[in-house]
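Visitor: Just dropping this structure here.
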Amino acid sequence: MLALLLLQAAAPSLRAEPSARPGPAAAGAGLLAGHFRLVDPVGRTIDSDMLAGKPYGLFFGFTHCPEICPTTLAQLSTALRGIADPDLRIYFVTLDPERDTPAALASYMQSFDPRIVALGSERAAIDEAVASFGVVAERTALPEGRYTYAHTAAVLVVDENGLIADRVSAEMEPTALAARLAPLARPSEAVR
């Protein structure tokens, strides 16, 4: 635990909407990935235990995010065009299940590469995933009853051993992003 706290303190800040706050996920590579049991927009359960032995990416956000989430998902979509592996998956985990219903997630994700799969669930399951991965997700009240989230703005790359192998900035250019995501792909299909 002390080592984790020291790593966290030494980690660079993460950009978040609307403010940055590093969590354990900010500590970087080599940490054991967390656990989640969530549902995609068509009702399939996706459990991190089911993904054992398979690398994947994970990004926490919400569909009402004004900048970081749509920009990151667009950058990921562009980067994925350079990776041929049809089985590669990046999971977009909503922080806002109250507004991000399965129908809302399905509609939102139509603008992005189909290998980016939205996941949601009840609030308790989302909170468990957030805590398990050590990401930041702080709800902030806005005028007129609206709200937003300050959240970790990085894609976590989880390797086949269940370790966080990389933490990729949301601001990275698509070519550099594709190179950082290539370890998620099967070796013969890493980068076109």
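Using the three backbone atoms N, Cα and C, a Cβ is placed for every residue, glycine included.
Taken from TrEMBL, the feature Cu cation binding site applies to C65, C69, H151. Per TrEMBL, disulfide bond is recorded for C65-C69. For 5-186, the entry in TrEMBL reads domain 'Thioredoxin'.
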Visitor: For the binding-site residues C65, C69, work out the Cβ neighbour count at 10 Å and name the residue with the minimum.
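Guide: If we count Cβ atoms within 10 Å for the binding-site residues C65, C69, the smallest count is at C65.
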Visitor: Over all shown protein chains, what is the count of other CB atoms within 10 A of the CB belonging to H151 (Cu cation binding site)?
Guide: 30
